[in-house]
């Protein structure tokens, strides 16, 4: 009896794994596949545009090819998503969440920097030279921004894996508040007769 009372109210690992397998293989299998394919495709598609821009602006110095870094992160994230769909596991969910968060931040920073570089570079170049370069830069930025949006949707999809969590938390908080208010009412009723008897003794 005591063991059952002291046992934490948490799901067993086997039950959690079964729910995760149902979520990844049946409920969200199609969406995970679309996410993984989109991330891998965007990561590969931005490579030629980024290298072309780098070769035209800085003699093929890949260090300046900033969109390559979120592209590599997106490729890794897509592989993790495919692995989660193939063989669901708790640590893969955490790895997918961390990689998507990192990819979102890195991609957003890359987009902001590339947009600023494009705006400043276009103003200083001739119109005949800037047209082709502008198309390549905008294409690389569009693919990077698409990767950011895909990572955002992936994080949203992961947050919906346990939709009742926040509702249960609010319900427990409400029950706790009601319990505290009931305790205050009971303590007030218990202190009432004591105060009244003290007043009667004072009058006597």
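Backbone N, Cα and C define each Cβ position, glycine as well.
Among the features that Swiss-Prot reports, region 'Disordered' is placed at 184-204.
Long-range neighbours of the transmembrane segment (33-53) within the same chain, counting only residues 6 or more positions beyond its ends whose Cβ lies under 8 Å from a Cβ of the stretch, are 60, 62, 65-68, 71-72, 74-75, 77-79, 81-82, 85, 133, 136-137, 139-140, 143-144, 146-147, 150-151, 153-154, 157. Under the heading transmembrane segment, Swiss-Prot lists 33-53 (among others), citing sequence analysis as support.
Marked as transmembrane segment by Swiss-Prot on the basis of sequence analysis: 62-82 (among others). Sequence-distant contacts of the transmembrane segment (62-82), counting only residues of its own chain at least 6 positions beyond either end whose CB sits under 8 Å from a CB of the stretch, comprise 32-33, 35-40, 42-44, 46-47, 49-51, 53-54, 92, 95-96, 99-100, 102-103, 106-107, 110, 113-114, 140-141, 143-144, 147-148, 150-151, 154.
Annotated transmembrane segment per Swiss-Prot: 96-116 (among others), in sequence order.
The annotation transmembrane segment is assigned in Swiss-Prot to 138-158 (among others). Beyond its flanks by at least six residues, the transmembrane segment (138-158) meets 28, 31-32, 35, 38-39, 42-43, 45-46, 49-50, 53, 67, 70-71, 74, 77, 81, 93, 96-97, 100-101, 103-104, 107-108, 110-111, 114-115, 118 of its own chain at Cβ-Cβ distances under 8 Å.
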